[in-house]
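Engineer: Sending over a structure as structure tokens; questions will come in a sec.
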Amino acid sequence: METDTTPNIPTESHGHGMNGTDKGRAAIKTQFLTTKEKFHEILDSGGKGPNDDKASDDAGPKETAEDSLEEPQEKKCKVDPAEQERMGKQDSKRMRGQNKSRPHMKPTSYDNRRLCPSIIQERETKCVYGDKCKFIHDVAEYMALKPADVGEHCYLYDTFGKCHYGLSCRFARAHISADLKNLANEERAKAMVGRTPVRNSLDKDLQWRLRKKVVPFTASDAYMKTIFKGGHKAGEGWKKAATAENVDNCSAVVHSQCSEGENPQTSDNQGTEVSQENLARVKTIGPLTDADVIKLRQCEKKQVDFKDKLYLAPLTTCGNLPFRRICKRFGADITCGEMAMCTNLLQGQSSEWALLKRHESEDLFGVQVEGCFPDTMTRCAELLNNKIDVDFVDINSGCPIDLVYKKGGGCGLMTRTNKFEQIIRGMNSVLDVPLTVKIRTGVQEKANIAHKLIPEMKKWGVSMITLHGRSREQRYTKSADWDYINTCSQLASPIPLFGNGDILSYYDAMKARETDVSGVMLARGALIKPWVFTEIKERRDWDISSSERLDVLRDFTHYGLEHWGSDTQGLEKTRNFLLEWLSFMCRYIPVGLLERVPQKINERPPYYMGRDYLESLMASQHVGDWIKISEMLLGPVPKNFNFLPKHKANAYK
């Protein structure tokens, strides 16, 4: 159900809403309001209550404003008293913080008795581990232990012509013959030959070389020699070379001079000049090319047109590849992988490299890396430049979490300008694609420093800046400062600057575009309603129905099964990420229920009944109701299933 509305943009209300609601509370039509008790009573009964339950006159006592503004119950894990006594006081202090005590159930915990991969893949040779193999080799025994299939149709079989999970697939009845053989649709499989839906995977050879530390970083090492020579602090050589490069950015520069940052007239040869003899000792194979002699000029690097684009922010945990595919379908122009730690990438960790994967639908895609030292960040940039396919690389200088900040990364880089400059210049020297930076207004709440950094970053060579209109200290407790974002965008010109913060509707996007920003980035707004990209591009409100929203979730599960696998392990991993997303999506209020359009991102919805049972179920902020939705799509949860969201959905202050 869609409504095309083009009213004037409502003025910002800082006091009472149109129906007398208090600040911070969403204005919902009174006939849909209910109490907490009545809301959960109807959901628990499966929506079989009387039809007039959602009318406030017949649903019992009305909810007062004070009651509706109470925060949802804390989602805490019950700790066994004996376990708590064993942990002691010292360990209890470590558990302080948001949801740190939540259970971490690995997907493998739900499938302890797994079938051997040699059987699943129907290899001609026997298992190389023989009797020492920890997996099951008896197919009959495995089929007796295997959980029941979830559905009649396998998405992987229907899409690719063959499901590589064979007998272990939770939809196996769709492609397993009577003699327990994995079937294949040859016609559909031939159509997929030569097609690579997902790129940027980590191959085993590269992983082995990274772990053995035998991958060469010639360009990075050359740059680092210009910063540190003989144990001295950064000299003037690299700064003078950078200044010369800024004077004539499109002049041909000899690679040995530009990457080494040499200045022949520098008096302290031992401190800043690198021996050409040492460079000549580098062994090379093959013919000499221009790339070996001449450094790629800034104007010759790959150019990306960022202007007037809708940018899906890199979102930790929730910004996975299946979710990005959903957002691309709704109209997101730019997508970016989740934040990856540069040290983990250099160590060849599979879980970290998985964050760099790119789907074929992502036509403008970048990766975001986090680090706090120029050597690791420059090496990571060189590695990514040579091994994966991306359109830009982004530096995370806005992460507020303590784990990153206390090490000097994330927001910490904004206060370490010397290191920040070395990182940007170093990464720029080894990248063939644009380098972008994401920052906040500052670290302290009332001490903005972004306006001081932006003119410097222009000199350092960044191609685009994204500014989140809040400080690290502020987090999400107040509205984003778009006036400050506008000031910074004027300072950044002609470099594009994207604004980020509090965009949940096309009204918010239009208001943001009244400033001088080159585009807008969406983060929480996309998690709450990914169809916001369609609303912005079509300049309308979309009163999406509950069945349409369920279809969106179903598509996510299909993409998840394709990405993580259709066996028990992949299915439960898909469920886990679906539940993480639902912890945000439950905050969406349907347009048809709002007294005042649009919904504001920091307005907490009171308890209300939807226009049907499914819409009410999707409005619940109770974890048990999210699990009910997941069971509609992925079947019943395992007996030992446990889940608490990583990100609480009650950040409405």
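Using N, Cα and C of the backbone, Cβ positions are placed for all residues, glycine too.
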Engineer: Among the residue ranges 110-140, 420-450, 513-543, I'd like the one that TrEMBL describes as zinc finger.
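Structural biologist: From TrEMBL, the annotated zinc finger range turns out to be 110-140.
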Engineer: According to TrEMBL, which listed range is zinc finger: 153-178, 569-594?
Structural biologist: 153-178
Engineer: Other than its close neighbours in sequence, what residues sit by the domain 'C3H1-type' (110-140), given a CB gap under 8 Å and a spacing of at least six beyond its ends?
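Structural biologist: Residues packing against the domain 'C3H1-type' (110-140) from afar: 164-168, 180-182, 567-569, 572, 638, 640-641.
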Engineer: Do you know the DSSP helix, strand and coil residue counts for the domain 'C3H1-type' (153-178)?
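Structural biologist: Counting residues per DSSP class in the domain 'C3H1-type' (153-178), I get 12 helix, 2 strand, 12 coil.
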Engineer: Taking DSSP states H, G and I as helix and E and B as strand, how many residues of the domain 'C3H1-type' (110-140) are helix, strand and coil?
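Structural biologist: Each residue of the domain 'C3H1-type' (110-140) counted once, the result is 10 helix, 2 strand, 19 coil.
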